[in-house]
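As structure tokens, the structure follows; a few thoughts come after it.
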Amino acid sequence: MVPASKARKLGWIYAVISLTLAVLEFALCVFRIVHEINSFTCFAVVVAIVWIIFSIVLIVGIKQNNAWHVKAYRVFLFAGNALTLLLLIGTDGDGQITNWSQQVWVSLVVGSLGVIALFALELWIINGVIRYIEREKVVSV
């Protein structure tokens, strides 16, 4: 459990990294659209825009000590990671691989565990921020 005093700072660092990566993903998608447009790139642009919006919601929630905004980001985090896992499994199992060797299974398991581990870290930080905000509201009342 992260100490309450460090939860806000960790949340700020996470929010800035999240917003930076979202903006970079959007720029990369726009670059791809300029060179070649396909359905995956269009979907990625929408995901990047939603990611930017929710990163801003997280920053506003931390700045204003609003637990509702941070909880909304947590819902986005759950949905985004579930979608990422589905896309990871779907990409590996979309018919391009005809012979499922041990190497394919290992890469699928390692990739899935990586996504789950990153999700656990993000959730730990977000839950720490929510606890900090709720504790601050109790202290200020």
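Along the chain as shown, residues are numbered 1 onward.
Placement of Cβ uses the backbone N, Cα and C atoms for every residue, glycine included.
Sequence annotations record features per position, and here TrEMBL assigns transmembrane segment to 12-34 (among others). Long-range contacts of the transmembrane segment (12-34) within the same chain: residues 41-42, 44-45, 47-49, 51-52, 55-56, 58-59, 62, 122, 125-126, each at least 6 residues beyond the stretch ends and with a Cβ under 8 Å from a Cβ of the stretch.
Summarising the annotation, TrEMBL assigns transmembrane segment to 40-60 (among others).
Summarising the annotation, TrEMBL assigns transmembrane segment to 72-91 (among others).
Sequence annotations record features per position, and here TrEMBL assigns transmembrane segment to 103-126 (among others).
Within the chain, the transmembrane segment (72-91) has long-range Cβ neighbours (under 8 A, six or more residues past its boundaries) at 50-51, 54-55, 57-58, 61, 108, 111-112, 115-116, 118-119, 122-123, 126-127, 130. Only residues 6 or more beyond the boundaries of the transmembrane segment (103-126), in the same chain, are considered here, and those with a CB under 8 A from a CB of the stretch are 2, 7, 10-11, 14, 58, 70, 73-74, 77, 81, 84-85, 88-89, 92, 97.
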